[in-house]
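Asker: The following block contains the structure, expressed as structure tokens.
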Amino acid sequence: MGKSFSHLPLHSNKEDGYDGMTSTENIRNGLVNGEVHNEDGRSGDVSQFPYVEFTGRDSVTCPTCQGTGRIPRGQENQLVALIPYSDQRLRPRRTKLYVMASVFVCLLLSGLAVFFLFPRSIDVKYIGVKSAYVSYDVQKRTIYLNITNTLNITNNNYYSVEVENITAQVQFSKTVIGKARLNNITSIGPLDMKQIDYTVPTVIAEEMSYMFDFCTLLTIKVHNIVLMMQVTVTTTYFGHSEQISQERYQYVDCGRNTTYHLGQSEYLNVLQPQQ
């Protein structure tokens, strides 16, 4: 022992006292720190360290969780988390791709809607006179002529249309000799066609009674007269009404009952009599 102390420097009593106090405090601190480290090793729970906010030199306990690191129950929908603007969650990948895909889908749906809902024409085609029934009133010198015609109506739209009514009249020598109107006829499906037969009753009398002699003349086999047929078809779709009108001249035999072969006439039609 003496040999070991011979190498120690000599100090004053004051310094020796200070060193003694320092050594004692260091020993105590070492024991305290050792106990703390042992407790940390045993528990291994880091939750005992409070959550604090560092604001430079000082630190402030988090007011939300009160330093516990746990959010109070029932406040999950009331608290807002702040994240940096540069966080990748604010800039998800493929955003442009999703936006472009959404725009493309919207444009595609709009284009399809315009294509299928865009109004197209409704074609009215006269097929010909189907039959003509003739009767006479000899005393009144009157001719009764009922003309049945065939009309094709084609719907070129991708939705159904309603044929609301068909009106027609027949003129002979600039005089109206017959009228007819047919209501609530039928519905035509998308890209479909329907054929409609209708009859217009006509009367040739009074100032045109001279035609009675012509139509009953036995020396003539064919008693054709020229009649002007006027027809108007009214269709509706999506609350919109559309009218299609046509007029043509038709040869009709007023001397006998006649049945015609459809497709051989180039003239127009008329319809069923008004009620």
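Keep in mind that glycine also has a Cβ here, set from the backbone N, Cα and C atoms.
Straight from Swiss-Prot, here's the annotation block:
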DISULFID  C215-C254  disulfide bond
CARBOHYD  N146  N-linked glycosylation site
CARBOHYD  N152  N-linked glycosylation site
CARBOHYD  N165  N-linked glycosylation site
CARBOHYD  N184  N-linked glycosylation site
CARBOHYD  N257  N-linked glycosylation site
LIPID     G2  N-myristoyl glycine
REGION    1-24  region 'Disordered'
TOPO_DOM  2-97  topological domain 'Cytoplasmic'
TOPO_DOM  119-275  topological domain 'Lumenal'
TRANSMEM  98-118  transmembrane segment
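So that I understand the layout, could you describe where these features sit and how close they are to other parts?
Answerer: Secondary structure from DSSP puts C254 (disulfide bond) in coil. All chains included, 24 other C-beta atoms sit within 10 angstroms of the C-beta of C254 (disulfide bond).
Look at N146 (N-linked glycosylation site): DSSP puts it in a strand. For N146 (N-linked glycosylation site), the count of additional Cβ atoms within 10 Å of its Cβ stands at 18 [all protein chains shown].
In sequence order, D123, V124, K125, Y126, I127, M193, K194, Q195, I196 constitute the residues six or more apart from N152 (N-linked glycosylation site) in its chain with CB-CB distances below 8 Å.
Annotation note: N165 (N-linked glycosylation site) sits in a strand segment as assigned by DSSP.
Taking a C-beta cut-off of under 8 angstroms and a sequence separation of 6 or more, N184 (N-linked glycosylation site) has the following same-chain neighbours: E164, N165.
Long-range Cβ proximity for N257 (N-linked glycosylation site), meaning a same-chain Cβ under 8 A and a gap of 6 or more residues, is found for S131, A132, Y133, V134.
Listed by sequence, the residues of this chain that lie at least six past the ends of the transmembrane segment (98-118) yet keep a Cβ under 8 A from its Cβ atoms are 158-159.
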Asker: According to DSSP, does N184 (N-linked glycosylation site) fall in a helix, a strand, or coil?
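Answerer: The residue in question, N184 (N-linked glycosylation site), is strand (DSSP, three-state).
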Asker: Taking the Cβ of N165 (N-linked glycosylation site) as centre, how many other Cβ atoms lie within 10 Å?
Answerer: 17
Asker: Rounded to a whole number, how many Å is the Cα of N146 (N-linked glycosylation site) away from the Cα of C254 (disulfide bond)?
Answerer: 10
